[in-house]
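Colleague: Pasting a structure below so you can have a look.
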């Protein structure tokens, strides 16, 4: 399931093992009764494989979309969320190498079916904690809806009040493009499903939603992250069904045995003789295992393959880290909701990637690019893509005005790291907890960590809207007299940030398209630089390296570095540190974009090394070919001259010097 879809399709189409005494005539010229059965099974295999790729891509896309939801629900840091995201790839470590090596020689449909069952079961288990944990808790000032009861958010030292907590919960054409297309569609549906689930309350079906006093725009909102995993798990289990009903292989149609495209015959279809098995002959596991290490040495001894593997691994570190935390970046940098961030990624960014991949494939086919041409296109897409990516550094938003964290309570100067303090003279009489994070937007445009830190004395609630009055800290900034009021939630960022978000989307789409242009050329380059009999194994090693060295570590160290930009940490009820409530926008932007750019630059240098190695090998091979051709021409000319001389000598009318005399 992790090797190339083309490898799966073409191996399945190879001639089946012939029983003893069977006629070879039936194999080469199948009857008309056998053709519908064979074509029907091939369609089932192709459709099932496409569905598997869709299910796998859907699950991966949905996992990326739930990063912020899981972080808030379990109150954990970004680095730990990165470990959870990377653990999605850990299961591949135990089987991917051996499946890619032995899978081409064993019953591949059943291996794929078993993988689907395992993947579906694991996906369902991800959602299990929701059904064993207590309902989600968030802090609010009043549990009563449609109430006008006045309460005092600022708990004075003489007051014995406690805050009120609320508990809430056509067949050849199809085989050439079909599977990859479905695999690209999967992440689109994954992010769109994430957007839909993020709008639903986490404990939907377990609590009365009329009593939920927060909205998806509230920083404490957690969506129904678990619902999508149930859907993805069921889809994965259904994808396994057809593969248990398929044979090990099918005879290749006669029309395709003699007519193969030059690209496919050279780089896709395996040597027919290598996999031809005779009657009564069984594959021995030990004999295949003996060739494992020699095959591995052969692969890593290929300089082009090794350099391309290193370049791809570093580039995928960049891409995995960027994609994993892109929804979080959009939320924190531009003040967008989790649902909107997932919707934008699924509906705009991923289609741009799909279009770029198809454009790269069309360019390869139309211009018939050689290995050097493919390497140049792969390198060019990376260079221009990361150059465009640099422009995102200028498309950031300023930090929100948070009293005591980004600006002073007087609202007249930024606060340095050493001066950050949530307590001030205006709220000194209030018994506020430093662990509180219930943002309130004052009428002065400044956000306060809570109404208590704003020094608010009273509040009124009508429906789900809470308005606070007589906020002493708001009065220190507002010069005019008034109630010094505020409302629950953060203050909206200025209009300039909305424009920046629009520009970010445009540049992000163009960058995604440009970077993905090199996808197909890089894949073709990978297949052309290795021996045909090692293709399946090489693709398995390539996939293993990408997952182990990029898919697992990238989200972890991206998360660790992003955590360093946190301005306000939350705390669990046990007293341990929880998830980050507020990030420094500038630091987050420089870490997120800078790390992606640095990794991309390193991959570009390795891609240049790939191109130089290809040119060097191409020149040396071309010289050797020319030398052999010249030697062949000289020897051929010499033989012709000798043959002509002997013919003259044997001719009865020939004597020495005849041609000279004539």
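Cβ from N, Cα, C; glycine included.
Curation does not apply to TrEMBL; its annotations are automatic.
Okay, so TrEMBL annotates it like this:
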type	residues	note
DOMAIN	420-475	domain 'Kazal-like'
TRANSMEM	80-99	transmembrane segment
TRANSMEM	111-132	transmembrane segment
TRANSMEM	178-202	transmembrane segment
TRANSMEM	222-246	transmembrane segment
TRANSMEM	305-323	transmembrane segment
TRANSMEM	343-363	transmembrane segment
TRANSMEM	375-395	transmembrane segment
TRANSMEM	500-527	transmembrane segment
TRANSMEM	539-562	transmembrane segment
TRANSMEM	591-614	transmembrane segment
Colleague: Please give the average pLDDT for the domain 'Kazal-like' (420-475) in this predicted model.
Modeller: 84
Colleague: Applying the under-8 angstroms CB criterion, which one of 222-246, 305-323, 343-363, 500-527 scores highest with the transmembrane segment (539-562)?
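Modeller: Comparing 222-246, 305-323, 343-363, 500-527: 305-323 has the most Cβ pairs near the transmembrane segment (539-562).
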Colleague: When each of 111-132, 500-527, 591-614 is checked against the transmembrane segment (222-246) for Cβ pairs under 8 Å, which one has the most?
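Modeller: Answer is 111-132, with the largest number of Cβ pairs below 8 Å.
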Colleague: For the domain 'Kazal-like' (420-475), how many residues does DSSP put in helix, in strand and in coil?
Modeller: 7 helix, 16 strand, 33 coil
Colleague: If contact means at least 3 Cβ pairs within less than 8 Å, sequence distance 6 or more, would you call the transmembrane segment (375-395) and the transmembrane segment (591-614) in contact?
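Modeller: As far as Cβ distances go (cut-off 8 Å, pairs 6 or more apart), the transmembrane segment (375-395) and the transmembrane segment (591-614) touch.
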Colleague: With pairs restricted to those 6 or more apart in sequence, evaluate whether the transmembrane segment (591-614) and the transmembrane segment (343-363) have 3+ C-beta pairs under 8 Å.
Modeller: no
